[in-house]
Ligand SMILES: [K+]
Ligand SMILES: [K+]
């Protein structure tokens, strides 16, 4: 049976962290002359719940098994959401449960879809908390993908562990906490650098903080109704650069930081990621330039670059309506909702590495057909990928698409039109934010009925936790004894 | 290098068969007082080309290797199309090349998409030839999937060979021609039975012949503008039954014919196929009944049953506009374009067995995650499926979807709207016939520009020949020496 004692201990710590994080918003409330009580109260409640969980002792020091692992991961996100929505409710910014749950899930999963129709009139303290939920979520994802998923065998992540030699010897330091700390250092560092860059380029401090937090989390919550479209071109270029960085595997970022560029260069995923962005930018720029009347090449380039990087990294900032250019570019943007950037980053979606495994295998499959007796292994970064891992990756890809299809049918049955159903499902599952149809780049999710918001919240969590982690809880294998 | 001598021999025989088949339409022309010259001339030209190919001697009796195998399969379809379009051109029914190519490819691949806007005014002899192209295509597919693809290692078809024990001993008779003859016997027999059934139920002889030919081929060409919607309910039920049968693996049909029902019962694909149809019929009937005002339960049931079987078997007959019921049913119908019926039948699409491999593996993957040390094999019909086969099946599924996505983007770039691009691509790749959008069940393909028709013709052939057969010709592995 599941042993909930060690689970409770992890939840206790998480709730405490969330509580303290909420209080960091109090100075903003005070500075802007707003009521700090919602954040104070929500933080206190979160700490109190954490304290209660902490009382559940684990006297025999029962170890955490795989089974408890899945439970911890899923309950971590659920409890972070349960606690994280309190500031919205207490402040009255989002007074109803389905909406508050949606906004918090969208934050903690770094999705960035919003139910707020007018963001700019909201209290600054609450907006800061909204941005912070994404940053906390991103922090959680880094430790999940780099340290915990490999232990749990989720998503063929064995690949990423072997992907780049780690900072200490040939592997990342085996202890989870050490690994996490190193990568968080990069995460926190890049966030700080981006804050100063944005501030230097003309954002005010409050907006610089918010956009630094949500960019590095590939979250995409903005403090402006028009998202990144409101800012100057140079700020948009800065956001492009940091969105791109946020889509890189944190292990690779750490290697760059250590100056080990020859190791960085070995990452095939990084090269594929860069190449895809490059090719798409050229294609889009040309098409957008003519579609918009061939008036401003720089803007066509910038709009294309921004939207492509924003979609591939699943950040979801918007600086132009990508559904207004042409049908083929709309379909490509829709497909980008499924791409994802590098594994081991905070980006959502399928991730480049899985596509790379598929494409390489497709090519090799032709060789296998022509030479049936030959052994044709698939190599990634010079290492042979085991058949079992390829199988797992393929299964992930197909399961992802199956969930997308089934979810779209259900959304249509709940009353959404064809395009909106596809868009809402793809963007939720991929943790992107904007979709197509009536949840496109210039729309928001406020108009959806409550039960659809709750449904999409579930989809965001399933997508964020790499599908298997959540769904395994619903299989008999998980609950059966031994 | 490729040895074209044995290739030429096969093409010669095929062209001769096509030529003779054309002449079987002459009696119809004469009976209906039409000019028989187009069919006579086209048949003669086809026989003549066959004769010329026959002159290419294969003196050393060079054996056919795998490489020549792919070439033979692809060139067979190309030459059948080149010859098969002559009656359209000579009669002036379809006087232009892109249109004539499209209609012939659509026939020979058993797709059934048409460029004819008014079918009923066309000469009967040509309409008979049009139906016959599908029946010839279906005959080709049976021998391909049961006898040739397993030899070429295409599409994980090792599965189907092992799927049901064959008629003689444990395997189907190893000689291709024997196997093909046995299955063709079933094919011809069922076509004859269906002809008599349709005639007995009130169709005239000409229409009974045509619909018998195109039903058993899961082709879907009709002699009526309104397709099957023009016929009486009892005829529609007969078509449902025979479409369903046409979607069953011919090896299984042969076993049933031999009375070996316990072997038939072992086919998991057959059970899954029946179950999917059953569940969808219940779901659709209820929804259609209410969507159409809850007036006629029998018609709701019949319309649902007909459209579902027609789409799953990729026949593409239409008795009601499935895009008019509701958004969720439209999406489900769109998804059905990807399903396909049983492998080893004449149906197109992905085929149930591949979906079954995916779904079973997905379920087992959870077990593998929870018990990483355990060996968890995938079984089908009681036999373990090898990892290499699973890999191949998964790769097929993903490649199929990739081609669908890339093709949709290209179609959109050529000017089609979002829904029409998706619909045209899905229905062409799956060899179904009707799609969604402006190529929906009540539309046809006449309005598309010539280059899009040629593009879709290529897609139909790629889909019909299980992707790999065609694409392998474009890889270096195929052309490299040794
Ligand atoms: K996002
Ligand atoms: K068809």
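Cβ atoms are placed via backbone N, Cα and C, with glycine included.
Those TrEMBL annotations? Automatic predictions, nothing curated.
Copied over from TrEMBL:
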TRANSMEM  A:7-26  transmembrane segment
TRANSMEM  A:38-57  transmembrane segment
TRANSMEM  A:69-90  transmembrane segment
TRANSMEM  A:135-162  transmembrane segment
TRANSMEM  A:183-201  transmembrane segment
TRANSMEM  A:234-252  transmembrane segment
TRANSMEM  A:272-292  transmembrane segment
TRANSMEM  A:329-353  transmembrane segment
TRANSMEM  A:397-416  transmembrane segment
TRANSMEM  A:454-479  transmembrane segment
Cβ contacts the transmembrane segment (A:329-353)/the transmembrane segment (A:234-252), at least three under 8 Å, sequence gap 6 or more: yes
Interface-richest range of A:7-26, A:69-90, A:183-201 toward the transmembrane segment (A:454-479), CB pairs under 8 Å: A:69-90
Non-local residues, at least 6 beyond the ends, that sit with Cβ under 8 Å of the transmembrane segment (A:7-26): 36, 39-40, 42-54, 56, 58, 68, 71-72, 75-76, 79-80, 83-84, 86-87, 125-126, 128-129, 132, 136
Recorded stretch that, among A:38-57, A:234-252, A:272-292, has the most CB pairs under 8 Å to the transmembrane segment (A:69-90): A:38-57
Distant-in-sequence neighbours of the transmembrane segment (A:272-292), which means Cβ under 8 A and at least six residues beyond its ends: 244, 247-248, 299-301, 303-305, 307-309, 312, 325-326, 328-329, 332, 336, 339, 341-342, 352, 355-356
